[in-house]
């Protein structure tokens, strides 16, 4: 068995990636989320495939086909709600995974980090298009509002929006192409994940101390396989609780009524995992400015390696940077809350303050405090 594991052309790749991989001996549970994301992706592809077998991408039948899946297909409701709530778990793991990268300075592995940012954008695009497919009220109006943001691009904006819509409004053509993209993108994501892992295994994992761990490595299996399995069980628990006890808890109520192009819902809002970006978008009164802020709120991750002024890679021994990091987390919670609120007096101001804080923390406060810490530690 040892020979085939180490000599077979295909199995030896798996072996060097998941079995005999030398891993740092001290990586904490924050490193579990990579494998959990892999599990989420597998779940989404499997449940999505079964949903696609019964779904019809047509404006007249899309909504009723989803109803049919929930009512008439064997365990269709389980598959549908696993897929919907699996997306929430996917994003929860994604945000923690990115946060861990920020906290422990994993962004110095620049190729892995940049592929990760591309993955984040791709997953967000996939989730957005998936949200449109059931053709509920919020699906239709969400698609209309978000695609319409492209009209803010000077000169070509309007043509671009009509090109994406495949007409003069969100209609059958839009739904069909969104379904096509929503189906193909997870496979592109899988390919990108392989590239992500390829680059990661070139350098090896970072660790909580942020120091080279070459002298002290342990094999991935059995130590981290069993640890990842525990993480997976702890992820499945809340997911199953959501699916079986309150499957619509994280969804918008308006998505449960069929789309009506003639009546706009009072508050258009995306799923919870986009609310922070949506709040940043809404906090700027100018349309183009809002769109740029929205894109830059995620793209800012790409320039974080350039803003690294600290002599220590990890934040583990930098209490001031830790404080700023947790203020950033609290700020993202605030933005998420504001994104779900109506555009009224106190919320507008809070949203603008939180947006300014978000950018100033990353661009100004964190690099400055890192320099101060260097001085204090006499580095």
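Positions of Cβ are set from backbone N, Cα and C atoms, glycine also.
According to Swiss-Prot, the feature transmembrane segment maps to residues 77-98, out of the candidate ranges 11-32, 55-76, 77-98. Per Swiss-Prot, the stretch carrying the note transmembrane segment among 113-133, 134-154 is 113-133. Residues of the same chain lying 6 or more positions beyond the ends of the transmembrane segment (347-367) and with a Cβ under 8 Å from any Cβ of it are 279-280, 282-284, 293, 296-297, 300, 304, 307-309, 321, 324-325, 327-328, 331-332, 334-335, 338-339, 341.
Neighbour counts of Cβ atoms within 10 Å were taken for the binding-site residues 182, 201; the minimum is at 201. Using the rule of three or more Cβ pairs under 8 Å, pairs at least 6 apart in sequence, the transmembrane segment (178-198) is not in contact with the transmembrane segment (226-246). Against the transmembrane segment (226-246), stretch 77-98 shows more Cβ pairs under 8 Å than any other of 77-98, 113-133, 288-308. Cα-Cα distance from residue 196 (heme b b566 binding site) to residue 83 (heme b b562 binding site): 24 Å (rounded to the nearest whole number).
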